[in-house]
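Here the structure is laid out as structure tokens; the discussion comes afterwards.
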């Protein structure tokens, strides 16, 4: 199921380490870079028999000032599978995912030169998001926290996030 709108937390950065199947993410070229014509920005987490994997299309960001750049290293084929090594856990406390559970989720998407990932518009049940206060707004603990999208008795909700980012002393 689709999760309700994410509760907004001002002055916090949001990250995720795992994404449930159906999640769509979109790349964005950095300022000063443009995407190759016809390049699709989206990737999607799909559930397959060996586990969840990202489905990629060829996506390239090139330097606008250097349009004639036919840099062969930029034409990397995105058919390689993201490495399936278990990532070292983030320093914050984290639900330990068993190996079988980990396979049901896609890990972080591959990095593409001169591009960044936008958070998805829709989150799906099982998504865990990590919030961390931005520098200068982390005066009062707790300065980081997590929320999980859960389904219980037919209701879909985000678990409470016990943090507030503020720059008052």
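Glycine residues also receive a Cβ, built from the backbone N, Cα and C atoms like all the rest.
Note: TrEMBL annotation is automatic and uncurated.
Taken straight from TrEMBL:
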type: REGION; residues: 77-100; note: region 'Disordered'
type: COMPBIAS; residues: 78-87; note: compositional bias 'Basic and acidic residues'
type: DOMAIN; residues: 104-167; note: domain 'Sushi'
type: DISULFID; residues: 106-149; note: disulfide bond
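Around residue 149 (disulfide bond), the same-chain residues six or more apart in sequence whose CB sits under 8 Å from its CB are 3, 123, 124, 125, 126, 127, 128, 156, 157, 158, listed in sequence order. Computed over the domain 'Sushi' (104-167), the whole-number mean pLDDT of the model equals 92.
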